[in-house]
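Summarising the annotation, Swiss-Prot assigns active site, proton acceptor to H43, E70 and lists sequence analysis as the type of evidence. What Swiss-Prot records for H215 is active site, proton donor, and it gives sequence analysis as the kind of evidence. Here Swiss-Prot flags N6, R17, G216, G237, H238 as 3-amino-2-oxopropyl phosphate binding site, drawing on sequence analysis. Annotated 1-deoxy-D-xylulose 5-phosphate binding site per Swiss-Prot: D8, H9, R45, H50, T102, in sequence order. Annotation source Swiss-Prot lists site 'Transition state stabilizer' at E151.
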Amino acid sequence: MRFGLNIDHIVTLREVRKTYEPEILEALFIAKNTHKVDLITIHLREDKRHIQNEDVLRLLEISPLPINIECSINAHITDFLCSLKNKPSKVTIVPENRNEVTTEGGLDCSLKGLGETIKAYQNKGIEVSLFIDPLEDALHFAREHQVKQVEFHTGVYANLHNALYSNANNQIHAISALKEKSPKELKEELHNAFLQLRKMSKEAFFMGIMVCAGHGLNYSNVKELLKIPSLRELNIGHSVISKAVLVGLEKAILEMAQLIKR
């Protein structure tokens with residue numbers, strides 16, 4: 001299993017104070033020196049709430065690890081990434097809403113301009129991945145546009161798992177809709193969410209599409225996904241950076257790697 005470490009929230013902490021620390025390159029090399037991280041993931045958002053263009057340039061210039069850049073189909077971002085001398089190893093196209101706290105679901109594949117954006121990156125020799133819900137129509141869209149990788153949105157699975165097996169439902173930011181469900185309902189919906197991820201991962205595999213997954217994954221809910229044989233890559237960020245605040249980045253990475261690289 002490939003481990004993609006999302007380091008957006010290293011930069012979130014920097015941007016809160018508009019200062020120079022923590023240094024994103026230091027985080028990069030801590031990750032590299034664990035020998036457990038396979039790629040670095042960053043999200044270049046339209047509102048630049050964390051990662052900035054300058055961060056992209058610095059990372060691509062010196063990173064010993066492949067860089068996966070998540071972004072919307074915004075034309076300015078597409079033009080910027082396509083113009084780079086040092087190219088990312090892949091671009092993952094994600095939906096984006098300026099009012100969201102984090103990405104809320106997979107891409108709407110009927111989105112105007114999506115096909116053109118995919119082609120723009122492909123014409124520059126940049127691998128494209130689509131961040132999609134585990135749905136058959138989305139997979140067929142990927143295949144029709146010669147997309148060789150997809151990343152399944154695991155938010156539904158992760159939220160259900162957290163509601164059932166952690167104290168998430170008792171926290172200040174608990175999801176209201178999940179608080180109203182019984183443990184039996186949560187368990188059934190979680191089982192169905194897992195089965196859907198497994199089914200669509202298998203279908204993607206037979207289409208010749210590499211399957212990645214991410215969103216909301218943490219030290220508790222990630223283990224079940226290892227039972228999906230066609231799943232090749234997990235992109236995880238917030239939970240690792242959250243633990244790093246308490247135990248240090250190296251230890252947080254190693255603990256996650258121990259779970260997913262068995």
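If you go along the chain as it appears here, the first residue is 1 and each next one adds 1.
Placement of Cβ uses the backbone N, Cα and C atoms for every residue, glycine included.
Features per Swiss-Prot, on structure.
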| residue | record | Cβ contacts under 8 Å, 6 or more apart |
| --- | --- | --- |
| N6 | 3-amino-2-oxopropyl phosphate binding site | I40, T41, I42, H43, G214, N235, I236, G237, H238, V240 |
| D8 | 1-deoxy-D-xylulose 5-phosphate binding site | I42, H43, H50, I51, G237 |
| R17 | 3-amino-2-oxopropyl phosphate binding site | none |
| R45 | 1-deoxy-D-xylulose 5-phosphate binding site | I51, C71, S72, E96 |
| E70 | active site, proton acceptor | T41, I42, H43, L44, V91, T92, I93, V94, F131 |
| E151 | site 'Transition state stabilizer' | T92, S129, L130, F131, I132, C212, A213, G214, E233, N235 |
| G216 | 3-amino-2-oxopropyl phosphate binding site | T154, G155, Y157, A158, N159, N162, H238 |
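When the record's 3-amino-2-oxopropyl phosphate-binding residues N6, R17, G216, G237, H238 are compared pairwise by CA position, the greatest distance found is 26 Å. Within 10 Å of the Cβ of H215 (active site, proton donor) there are 25 other Cβ atoms, across all protein chains. Packing around H9 (1-deoxy-D-xylulose 5-phosphate binding site) is summarised by its Cβ count: 19 other Cβ atoms lie within 10 angstroms of its Cβ, all protein chains included. Between the CA atoms of the residue listed as 'active site, proton donor' and H9 (1-deoxy-D-xylulose 5-phosphate binding site) there is a gap of 14 Å, rounded to the nearest whole number.
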